[in-house]
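Inspection log for the structure reproduced underneath, given as structure tokens.
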Amino acid sequence: MGSQTLQILRQGVWASVTGGWYYDPHQNTFVNALHLYLWLLLLCLPFTLYMALPPTMVIVGMYCGVIAGMFVLLKAVNYRLHTALDEGEVVELRAKGSQGRGQGAECQCEGTGTRQDDSNGISRSISRETGEGECAGEGGSGLYQSEGVQGGRERKGGQSAESLRSLSTRSSGSTESYCSGTDRDTNSTLSSLHSEQTSSTHVESLLSLSGDEKVNAGHADPSNSNVASGEANKNPHANELATKLPTGDAPKPANSEGQQGEGTVEAASRTSVDVSAGLTPHFCPSLRAKANDAQTHGQKDKEKEREKDKEKGKRKAWRRTPSTGSAKSHARVLSLDSSTTACLNDPHHLGAPASSRALTTSKSDLEAKEGEVLDAASLLGRASQIESVTRSRNSLPCPISLSHTQDATTGSRGEHTVMRVCTCTYSLSFSFPQMRLNRLLSMDPELLEQHDVDGSPDLQEAPHRSQDSTHNHTHSQTHPHKTKQYYRLWLLPYLWVGMHFDRLTLLALFDRNREVLENVLSVALAVLVAFLGSVLLVNGFFTDIWVFQFCLVIASCQYSLLKSVQPDSSSPRHGHNRIIAYSRPVYFCLCCGLIWLLHYGSINSSSTAVSLYGVTLTSSILLSQARDLLVVFTLCFPIIFFIGLLPQINTFVMYLLEQLDIHVFGGNACTSLLSALYSVVRSIITIAMLYGFCYGALKDSWDPQHIPVLFSVFCGLLVAVSYHLSRQSSDPSNERLQSDVIVCVVIAVLYFAIHVSTVFIALQPFLSYVLYGLVGAVGLLTHYLLPQMRKQLPWYCFSHPLLKTREYYQFEIRGAAHVMWFERTHVWLLFVEKNILYPLVVLNELSGSAQELASPRKLNTEVGALVITIAGLKLLRSSFSSPTYQYITVLFTVLFFTFDYQQFSETLLLDLFVMSIIFSKLWELFYKLKFVYTYIAPWQITWGSAFHAFAQPFAVPHSAMLFVQAIVSAVFSTPLNPFLGSAIFISSYVRPVRFWEREYNTKRVDHSNTRLASQLDRNPGSDDNNLNSIFYEHLTRSLQHSLCGDLQLGRWGNYSTGDCFILASDYLNALVHLVEIGNGLITFQLRGLEFRGTYCQQREVEAITEGVEEDESCCCCEPGHLPYLLSFNAAFGQRWLAWEVLVTKYALEGYSITDNSAASMLQVFDLRRILTTYYVKGIIYYVIASPKLEEWLANEALLEGLKSCGERNYVDLDPTFNPNIDEDYDHRLAGISRDSFCSVYLNWIQYCNSRREKPLDSEKDSALVLLCYGLCVLGRRALGTASHHMSSNLESFLYGLHALFKGDFRISSVRDEWIFTDMELLRKVVVPGIRMSLKLHQDHFTSPDEYEESSVLFEAISSHEQTLVIAHEGDPAWRSAVLSNSPSLLALRHVLDEGTNEYKIIMLNRRYLSFRVIKVNKECVRGLWAGQQQELVFLRNRNPERGSIQNAKQALRNMINSSCDQPIGYPIYVSPLTTSYCNTHPQLGHILGGPISIANIRNFIVNTWHRLRKGCGAGCNSGGNVEDCDAGGLSCGSGNSGNSGTAASDSQHSSGPTASYLVNICRYFISVFRFNMTLYGYNICLLLDSLIASWHDKVL
């Protein structure tokens, strides 16, 4: 805890103040000293220039020139050094003693540089220098150099050696390493370390000698050396590596021990060393000697290492367990030294037969031949297989030292490999005790796979231990050598310098700018900061100590461009953030620019004063005060950035554009930075288009009784364009363009006609009062009374809703929600309010305020036209999009500026515009204060940690400051978050409505995005969270179709932009965040929580699902409560919650999930027997029902494979068959014979055959029965093989059943290889058979004897095949079936999560689910989200049981915090931003009609004409009913239309033709009039139509 606090103080607090400089104890003196001097230079340079020279522009020029030169130099050198590390040449200097035989000469080898790409996409080139005449060691290779080796050995098998050489060269050229510690989410420093310490697997050094050449250890053939070096240089991933072998086997060197060679330049290939777990007793003498020696030393090293671990209390070395082929086992790589190659090339050493044989590839053959030794040809085959695997690998090397130790005891297999990877020195030691080569070579290539290694700072000491361990493995007479490595930095084509540090050191010095544009931007920003800062200094904006403070701010902004604060307090994500480095200089430039503009305006203020509400906006005093405020704000930059009040620059731009579009242009929230820019540009273009009409109208003459026609045109266009913009999302789309073209034309003409009629002048002032009264009445009824009466607890007084839905009393919802009368009323009131009342109010204010605003005493014509256009567009767009709180704004504005402060009114149009902005901020302040008071209420506070208890008393004296913070945060729309979840609140930085700053959505793990080997062996994605995420994805699809319509029907109560709701059912708990709200569209994001969450989550779920109707408490007693009312305690408690229950029975289409334990269903043998029987019958059904049956029966190869099964006395004696499980088991023959099979299943075969269109021969000796017998035996044998031949064991049986269920069929018997003639037999017959048997086995529990009859069983299978999807949950077909609303699904789930290992049968049935809808205070959600982000990213709190995520029922703290983006939260599903349109809701379409398009209008006309003709004809002839001929159209009746139509028909038969004819004529004219009204009038005509029909039924 202490070290973490110091780290936060250094890298967080102090670095935020200085702009990134702090003392790092993990770095060397050079790095810290350079950082200190640079920071002091940036701080003292402007201060010294200001103090030493007169304040003139000379200071500006000198300062900017020095900064420009320094940054250009530093950025260029940094960029060039990184390029050198990527593409430069690596040179290794070594000072060693000459220990070769006969000579100790210096050797220098040169090679060409090759390139490779690391995981960061950086191209890297490494140049090797290898010696031509070098030679110490076997083979004389430039790859492996040995100080002294025993006498030479003869080498045989030249062809094999040459083949292996070329093979290994290609193999090593296609991979980097299999010992990798890379992680896709690690920071750039770790990635750079990976790219520096690269090693790769190859065997070039083993193959440097050819054929029958005899080479001694001390005499190396130069040609061979050249060959080896040439082959090594073909490796594009070569690295400098020195290998030391034990010298106990080597002869004494000719030179004296004290003789030291000069520093030579050697080259070696980059090599990753790893050893397989397989061992063999067949070994050559030298290798056995080395193995024994290494084994002895390995025991000692292991003991020493354990002692060190006990002292330090934790392990810092990486221990690898023996490979078991599972997902957790680390990669094993074939890596052999030259001694091993000598043994491999000599069959006498290996004990192999002289003749070559093919490599065994069958698993059964390998098991049968285990213990035998593979020869060179087999080695070639295996090596080629390994090569094919290594070509697919592309990983970074392990950045930390690996010390792998495994116990090597007598009679057991062991290995001990020590590998030290260091920046400057590479040392390697091998030991192979009793290696079994056939196990090594038969290793599964799929096991050569990358796995992550912990790259934490705790492992940084591992290289020192590895160094000691390496020296213990060398002989005492071998002297350790010193190795120095450097990179060649080319200055000129023939001039280079040596660079003796690596990428880690360079990254510790400066941040890396990967692109040239980034470097140019950094230099430009640094110079701009210097220019603006120095200009403010020389102009006297700062005096005394504030000069030094301002220089500190300048230094921090410039230093952040060199070495930024990571992580910053406003960084939205873990790891290195490249964008955050530009925040300080950009904000500094903006502030300085505004200071200059305000200063210029204050000293050059015009004589024309522009005032608003009594405040002169162009006053020099006001501008000077704003300038001084910005100066103080700039001086407070260190504190501001430490607290994190300013976001990264892209977030700020998106926030600024979004706020501008919402509050000025009346737009909606945005989904991205591009959409925000698009929305603002779209609004500006609209303003520019409308401005011309308004300006031209204002320039025209205005009569008191007449408005210019051009202004009426402007009003009509303004309403139409506002309607169109309100129906468009922030992302460009043309989905509604066709409908809007027609509707907008009608709207423009209609409102032009209304406005040009002078109704807004002639009927004043009565029209205004009528409109205000209607707005207040309709708004109060629509947005207050109806939502309150529909709530679960109306006004927190009643215990039940006053307006109940039909589903309220239903225990289980069985269909879509019924449309109630109050829902229809709500839709119509909302339609009239936003499409009729508000446009009329705005046009009324435009007509009365335009001339006054454009007058010279208010605003001139130019400014007045702009203000009128902006205000009108904003009010109309916001009324169309979100009219929830508009009525309050209108009523308050009218009352306040008409009766209270009329002298301050700036015309009601401008008053409404300003008050709409103020009211949005007041609502935000109200929600913030409600959240704060609810969260810190002392009677319900929940302390999650000791810090919460400590901070609670300190929150009381800061209540005034908290109130000020709430006001400021409401003005700027910033979250107010509890610090570490306590009662102390602090403001966070500004964020857009969508809150999260990256595009994030859950990617489900299934078979479509995982490798086949991992699917078969490891079953990825088998945890409950991954498997259950599909249900939230389906829930998102359902909401996409119904959410917008349900909101307009009032089923979720009132809503506004940014609101958050929780949908809770039996197992689904999802948070729905409304991001963008438009006219007929909703953009939302769904965050699904865990099915079985933590204890804290379960407590909060209980809080939102339990009812309070039965509570009878009042203070400390229980007097009860009045009927249908809440008790006093319940009513009081509900008012102190940050959430409220809106609906308890919300119907939404989804899947009911039923899971049964497979273990309990297959516990006894009888149940397993039933499953096996259904399995066999399923195979028979699918093979006979297959359309390829005749083709299979005519396949000669297939019948040839089944020939042995057709013999008379054939019995399959496979031990996998069990008399307890197989019903056709023949006890006499101890197996399954054809006779026993036919005695049980022949009737079923014949019945299935009889149901074919063309029945085939199904006698006992027929080919059909033979095929069925062969398939059924094969299927059961596959089940036994997958169960490891342990079907009697339940766990093994379930394992095999699950393997077959997911399609993992492994044919292990030669008798079943006939199946490979056509794999469709497996895919279309056996796999469906095992899956269908599971469903039939489930049905057996409900009706045990139902399927005894063949006909019933056949119909059941046929029905399930049509209506049921049976698939593995990892199969992409499963996801496709769920998202396509398949009626039923079934799967067998294997859950491996947190120690659980169980099998479940999952059954899904599509139906309507019942959800509780809970509305959460949106400021509570934003505040808790912001607190979690700050705590985990900036404060680095990794405690999984931290106090900020403990349950707090009054705020649902755990559920909200767990819904954050990963890795801050842990939702199992986060949907992308999804848009729901009202057109997709069928019930809303029946009320309002469908979309108005050309096709719909044509259909309406045609249907109306047919109704008229048939209706009139029927009325004239026999009094028939016109409703019988109605073919639909735009009009739709209610659910009782059928009954009314029948009643009308009966009445018309008795009333005569005249009345019917008149009624039809009236209805025809009503239809024509309804068509002309299109948008507004035709719905009213529907009501008139129904009234006339009812009058006709009852009266006539």
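Note that Cβ sites are derived from N, Cα and C of the backbone, with glycine treated the same way.
As stated in TrEMBL, the feature transmembrane segment covers range 608-626 out of the listed 608-626, 1254-1272, 1292-1310. Here the listed stretches are 582-601, 608-626, 669-693, 737-763, 769-786, and the one with the most C-beta pairs under 8 angstroms to the transmembrane segment (632-657) is 582-601.
A Cβ distance under 8 Å defines the sequence-distant neighbours of the transmembrane segment (59-77), meaning residues of its chain 6+ beyond its ends; these are 41, 45-46, 49-50, 53, 510, 513, 519, 522-523, 526-527, 530-531, 534-535, 537-538, 558, 561-562. Residues 650, 653-654, 657-658, 660-662, 710-711, 713-714, 717-718, 721, 725, 729-732, 865-866, 869-870, 873, 992-994, 999, 1057-1058, 1075-1077, 1083, 1473 of the same chain lie 6+ residues outside the transmembrane segment (669-693) yet bring a C-beta within less than 8 angstroms of a C-beta in it. Same-chain residues lying 6 or more positions outside the transmembrane segment (705-725) and placing a CB less than 8 Å from one of its CB atoms are 666-667, 682-683, 686, 689-690, 693-694, 696-698, 740, 743-745, 747-752, 755-756, 758, 760-762, 839, 842-843, 846-847, 850, 869, 872-873, 876-877, 880, 1079.
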